[in-house]
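Participant: Following this message is one structure expressed as structure tokens.
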Amino acid sequence: MNKTVAVRTLDPENLGQGGVQKEEIPSADISDQVPGTESETKILLQGTPVAQMTEDAIDGERLKHLIVTGSGCGEQNMIAMTHTVIAVHYLDHTEQWDKFSLEKRQEALELIKKGYTQQLAFKQPNSAYAAFLNRAPSTWLTAYVVKVFSLAVNLIAIDSQVLCGAVKWLIMEKQKPDGVFQEDAPVIHQEMIGGQRNSVEKERALTAFVLIALQEAREICEEQVNSLAASINKSRDFLAANYMNLQRPYSVAIAAYAWAQQDKLRGAFLNKFLSKAKEKNRWEEPGQRLYNVEASSYALLALLLLRDFDSVPPVVRWLNEQRYYGGGYGSTQATFMGFQALAQYQTDVPDHKDLNMVVSIQLPSRSSPVKHRIVWDSASLLRSEETKENQGFSLTAQGKGQGTLSVVTTYFAKVKGKVTCKKFDLRVNIKTAPETVKKPQDAKSTMILGHCTRYLGDEDATMSILDISMMTGFVPDTDDLNLLSTGVDRYISKYELNKAFSNKNTLIIYLDKISHSREECLAFKVHQYFNVGLIQPGAVKVYSYYNLEETCTQFYHPEKEDGMLSKLCHKEMCRCAEENCFMQQLDEKITLNDRLDKACEPGLDYVYKTKLVQVERADDFDEYLMVVENTIKSGSDEVQAGQPAPFISHIKCRDALKLKDGKHYLMWGLSSDPVGEKPNTSYIIGKDTWVEFWPEKEECQDEENQKHCEDLGAFAESMVVFGCPN
């Protein structure tokens, strides 16, 4: 897993002393690390406020992820188009195309043209927009089309009648006499509306949103829409009458920007706006990171219009620090508004060419500090250092300008407790198909895979993905999938079948929505085309396309109710634990010679008398912490008497082992059982591990235990004194 250790703003002139900024970075808390595995810490440096998401989107692997050809319904197409428009807008305003290429700018413009053309397919006769032509038009979506098209008008040719027709519909059909804009047909993809999704102060926030869109289209449409100026004034007056009663920082920020566009944000209104800023750098609602990015971006735009350049830098720094490791802001509105605000900032405050900073990193594992110079020309370059040591370190920054430091530690974490599903409930089952079901001639067997899922939010989930890995040797029936995707009921949007690197197929199913009020179930046949010795389980994962944290995974297998994977993993190597559970030795007929023969077999590594002192239950394995009380035969790991040693066993072996806290056990195992580097060695309990109860001294007084205790004592003495005969 990845754990963010620290995100710091580097600004020596403002945050340092005497022009030198010192930062102490702690070590990561990796107390849940899998024993014997390594960790890696990455230290990332970058100039501010150059945006990593934009660069990744235009140049590199994230091109396909963030800048895509528009597709889907009228809402999905706008979601796809948003990133491309804002990326080009940002790079144009910051004059950074020389760092990419004009060819790539042209490619991005072609994508915008395609998105624009496809959006026109959802323009209704009244010039409004909805997800589908037969659906009632949406106020918010139509206003958002106006907003995006107004920004894109400087990039591609956009018909002013298309843009202004939407403006006219908003005014004539959706504005009340008091200036309020009403929504009668909310969008299906609620996640695309950002902070507007909150039901508190929804009417006022929507009115501010539409008002901003109208003002951004004013220069284009004022001559075509005679009532535009009057409409803007009515909405402005409505917000003025209600502004002092607003409570949400989001509502305060978006309304403030709408007011600042008309140079009306003054006096008590300005004080109200500034008072909602937490620590003078963000307009924040607890637990709503993306809403906060969006709201703070509106606030930054308002501050820029006010020319309040003393208040601007802290907001820019906070926005920049919200970039998480590996990607951008992560939502339609947060991304769009974030980069619109940052682009405007770099246009209005063009002082970044003064960026010239030296960062010195002192890692404990290195004798001399590592130095990086960050200058304007290479501000976008992501500089990184890596270390295998999980230790705190110090850093100093000197010079002019701003930068961002991110520290992330990657390590293998134990899966503790039951895996929880976030926002989705998922049930999976697989059963043998009835004899009457037709199967391909060369199929060995046919089964039916079914899964039912429900979204646990307050509204239906919009576009969601089912990621299904097939069991070994099985493939899905494409005829069934085609019926599901093209039939009269059309249960799924589309599907993709990919051959994975292993011998297992992966099926991706796209769903337009998942109900929050009832389970939605799908089933299709899967065929086994070749037999394998051990059928490994498959998995079904459901997740939200626009919020990857909302997810649930369940395993399936024809012979296992929960489909749990029976394996133990260390680094990239996994050991199959299927049918490898060791039965604790309870046979009273075991003799001294039996133990000597077994303990001296080739490949046997260690023989210990141990005491179980602690048990940790994880999701797929148990960890038994044993204290080695007597090293009857030293192993390659060189454990000393009195030293603790963790033994790991698959959860399915728990009942077979029957180990009890505080009890003693005779244990031995193969040389391949210890894993990990000293002193973090762990031991795998497999089918060749010997585990035998060793009674306590008082228990040895009982007649039934006397012979057992004598044999164990004689065994230990013989091994210590004489060793193995071979």
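Think of each number as a place in line: the chain as shown, counted from 1.
Keep in mind that glycine also has a Cβ here, set from the backbone N, Cα and C atoms.
Here Swiss-Prot flags 1-21 as region 'Disordered'. Residues or ranges marked as N-linked glycosylation site by Swiss-Prot on the basis of sequence analysis: ASN2, ASN233, ASN680. Sequence annotations record features per position, and here Swiss-Prot assigns phosphoserine to SER31, SER384, SER636. Annotation source Swiss-Prot lists domain 'NTR' at 581-724. Feature annotation from Swiss-Prot assigns disulfide bond to CYS581-CYS653, CYS600-CYS724; the stated evidence is similarity to another entry. Feature annotation from Swiss-Prot assigns region 'Interaction with CFP/properdin' to 697-722; the stated evidence is similarity to another entry.
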Participant: Please work out the number of neighbouring Cβ atoms within 10 Å of the Cβ of CYS600 (disulfide bond), leaving out its own Cβ.
Facilitator: 16
Participant: Let me know the DSSP-derived helix, strand or coil state of SER636 (phosphoserine), please.
Facilitator: coil
Participant: Across the region 'Interaction with CFP/properdin' (697-722), what does the pLDDT come to on average, as a whole number?
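Facilitator: The predicted confidence over the region 'Interaction with CFP/properdin' (697-722), as a mean pLDDT, is 90.
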Participant: For SER636 (phosphoserine), which of the recorded positions ASN2, SER384, CYS653, CYS724 has the nearest Cα in space?
Facilitator: CYS724
Participant: Cβ neighbours within 10 Å, counted over all protein chains: which one of the disulfide-bonded residues CYS653, CYS724 has the most?
Facilitator: CYS653
Participant: Looking only at C-alpha atoms, tell me how far SER384 (phosphoserine) is from CYS724 (disulfide bond), rounded to the nearest Å.
Facilitator: 54
Participant: Please give me the CB contact count at 10 A for SER31 (phosphoserine), counting all chains in the structure.
Facilitator: 7
Participant: Spatially speaking, which of the recorded positions ASN2, SER31, ASN233, CYS653 is closest to CYS724 (disulfide bond)? Use C-alpha to C-alpha, please.
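Facilitator: That would be CYS653, nearest by Cα distance.
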Participant: Work out, from DSSP, the number of helix, strand and coil residues along the domain 'NTR' (581-724).
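Facilitator: Helix, strand, coil within the domain 'NTR' (581-724): 37 helix, 53 strand, 54 coil.
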Participant: Given a separation of at least six residues and a C-beta threshold under 8 Å, show me what packs close to ASN233 (N-linked glycosylation site) in the same chain.
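Facilitator: Non-local contacts for ASN233 (N-linked glycosylation site): none found.
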Participant: Using DSSP, would you call ASN2 (N-linked glycosylation site) helix, strand or coil?
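Facilitator: Its secondary structure by DSSP: strand.
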Participant: Give the number of CB atoms, excluding that of SER384 (phosphoserine) itself, located within 10 Å of its CB.
Facilitator: 12
